[in-house]
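The following features are taken from TrEMBL:
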{"type": "ACT_SITE", "residues": "A:Thr198", "note": "active site, nucleophile"}
{"type": "BINDING", "residues": "A:Thr161, A:Lys187, A:Thr198, A:Glu280, A:Asn403, A:Ser408", "note": "substrate binding site"}
Protein chains: 2
Amino acid sequence: MAKYARSPLAPEAFPELPVIKGARFASHAAGVKYQGRTDVMMVALDAGSSIAGVFTKSSTRSAPVLDCQDKIGGAPEEGAVILVNAGNSNAFTGKAGVESVRAITTSVSEIMETPIPRVFTSSTGVIGEPMKHERIIAALDTLKGKLDENGIEDAAHAIMTTDTYPKGACATFEVDGKTVNIAGIAKGSGMIAPDMATMLVYIFTDAKIEQADLQSLVSAFTDSTFNCITVDSDTSTSDTLLMAATGASGATVSHDTKAFRDALHDVMLDLSHQVVRDGEGAQKFVTINVTGARNNAQAKVHAMAIANSPLVKTAIAGEDPNWGRVVMAIGKSGAEADRDLLTIRFGDILVAEKGWVSPDYKEEQGAAVMKEQEITINVDLGLADGSSTVWTCDLTHTYIEINADYRS
Amino acid sequence: MAKYARSPLAPEAFPELPVIKGARFASHAAGVKYQGRTDVMMVALDAGSSIAGVFTKSSTRSAPVLDCQDKIGGAPEEGAVILVNAGNSNAFTGKAGVESVRAITTSVSEIMETPIPRVFTSSTGVIGEPMKHERIIAALDTLKGKLDENGIEDAAHAIMTTDTYPKGACATFEVDGKTVNIAGIAKGSGMIAPDMATMLVYIFTDAKIEQADLQSLVSAFTDSTFNCITVDSDTSTSDTLLMAATGASGATVSHDTKAFRDALHDVMLDLSHQVVRDGEGAQKFVTINVTGARNNAQAKVHAMAIANSPLVKTAIAGEDPNWGRVVMAIGKSGAEADRDLLTIRFGDILVAEKGWVSPDYKEEQGAAVMKEQEITINVDLGLADGSSTVWTCDLTHTYIEINADYRS
């Protein structure tokens, strides 16, 4: 972790997150795998908290994901506990993996006096290695003693793996004259091409909201935030987003409360961008806008084909305005395109139109855009009104370094 | 080209290709883009030659591909000419690209006294730059003068771009007591994830065969050879395979002639493997066998998900037996899989079964397999009888170097 420098795309500092009444956080160095750093975090949620979640669609999802998924939608009367470890994903660990989840959730239930159906766990790290769950269980008493409503920033550190910075985002706004807060944390940063959710993301609010409303908002916004980012096209077996609403603000919101919807979407978008900005080896943050597609779904297919193309991503790493590779990616995507109706812009620079390079385009213009740290590629297909925006990063030597040597 | 060393996976030497009576070859340094090397090749085919072809499915395919596609299936009475240049792909070059094809085919038709519908052209190289077709046209007389039935090896050199070695394969066998020859050449070596055909491939035989039979054989075998390789998941706008049967051997074959089928399939498989072995930056040749899938199509989806996963490919580059990433790739592929029925072998080593690492597996065993230059990953899904084999290479620093700096 300390091996790689903080991403050049990182925000200047971790944001000042508001306290979410009804949620307390603790983290600890349990030594699951890493030494000399925190690697377990616990969140205790007061009775009355609604919990929503979205999870990876991988057909080889991990034991904690399967367990967590089953528990979404339960009764909020009892409060809840979220327990997360870094260092071992407990994925593809067979019956032993299921046993680890059972052991951890049973111990948490006893120590925290919370029924097992309200104990949610996540694990992130290496796939396929036996989980040293006894080390986590040994830390539970300490974690309970450390619980603190100000502990969320430390929790963001405890869930990191190859992340180079902790990720947080928040919003504070009024509903019916009452102040409502949202605070979230996330970790990335490789194996990022979420399919339904992403990596590990935990969002908290003190609003009061029915579980079904919370779930529908979180699911909908995941589609335009976490499901629109990609680092390397590889989808994790552990992707999990959990959101808890404690209700402690006294403000009641619903699926239709605009201030809450807007704030939640902003927090999710912010966290999803932070995951891309910490993509393994990332030097450039890239926004890809596709418009004029037959429909939104086809626009996203094109946008993701561009975002996942190794040739596009290496061109960006090399600051090469190689729009021919953008054309290639559109061509291979499988979604509808007419070569001669394409318009491509790098930032504001018109690069290609009507099936060829624009007559006014000069290579220096494209090259200047590519030198920026934040690059926007705009593609109009000229077919209809479908559109999509996705976010990615470049593909650099550091990605190869990190991933050719992750386990050693 | 000379910038990168010959691939460590290259064959020892270019094979001794048999003369194909009825086909003559010439190559020349026309200076289309490269200096100090040949970059144009011409093949003159005698009257009576059947020509079959398969092409990229890209929706942004190049002007020469569109022109070539239209001409497949024409009458063989007139003979034919194939003209190929390297250095500029004439893809995404708008009306000017169409004009370049028209200018070249018209000049070839005049100089070679061959009707335009029997003049086939291919172009490979940079996308989106205007084609200096006048340089190619200026070389046509010289090319005509150089035509030689022994010119095929030089032709294999003339079509190279980032390839580090020329690619050739051949077969000689008997049909009805007559000797029949097949000889083919190909070029790679990035933007390789063919969707119907691959890159540039030219195969010649002196067998006599109906065009429809030749086309159906070439199409069928493309599915199990060129359509089963991937270097970087990116599909070219120019992929072209042309096959010509001159009939000069006097042996008549059909769709059902076993000796011809077997030999043609072997030549296509050999050439497709040579393209992977020259994948940009490749250090390892990787065979991925998927069995036990619901059907063959689903097996191929899994196999391609493994072959295209940046995390699997970087693990192979790092000689890391990281089977967890194989599980991840299967999980994200979208095809059916049951985590707990998976069996994974690296070479002959049983790594994982029943949803977890095999109890007898030792990391040293996997590590030893990964040190080999040729690696086989065997996955059994345990569902039904579907199977697929695909071939790929690893993802190394050299791929990034080549592609972050291709145009400069």
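Backbone N, Cα and C define each Cβ position, glycine as well.
Curation plays no part in TrEMBL annotations; they are all automatic predictions.
Taking the features listed in TrEMBL, we show where each one sits on the structure.
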{"residue": "A:Thr161", "record": "substrate binding site", "DSSP (3 states)": "coil"}
{"residue": "A:Lys187", "record": "substrate binding site", "DSSP (3 states)": "strand"}
{"residue": "A:Glu280", "record": "substrate binding site", "DSSP (3 states)": "coil"}
{"residue": "A:Asn403", "record": "substrate binding site", "DSSP (3 states)": "helix"}
Neighbour count (Cβ, 10 Å) for A:Lys187 (substrate binding site): 27
Binding-site residues in contact range of chain B, given that the Cβ distance is under 8 Å, out of A:Thr161, A:Lys187, A:Glu280, A:Asn403: A:Asn403
Fewest Cβ neighbours within 10 Å, where candidates are the binding-site residues A:Thr161, A:Glu280, A:Asn403: A:Thr161
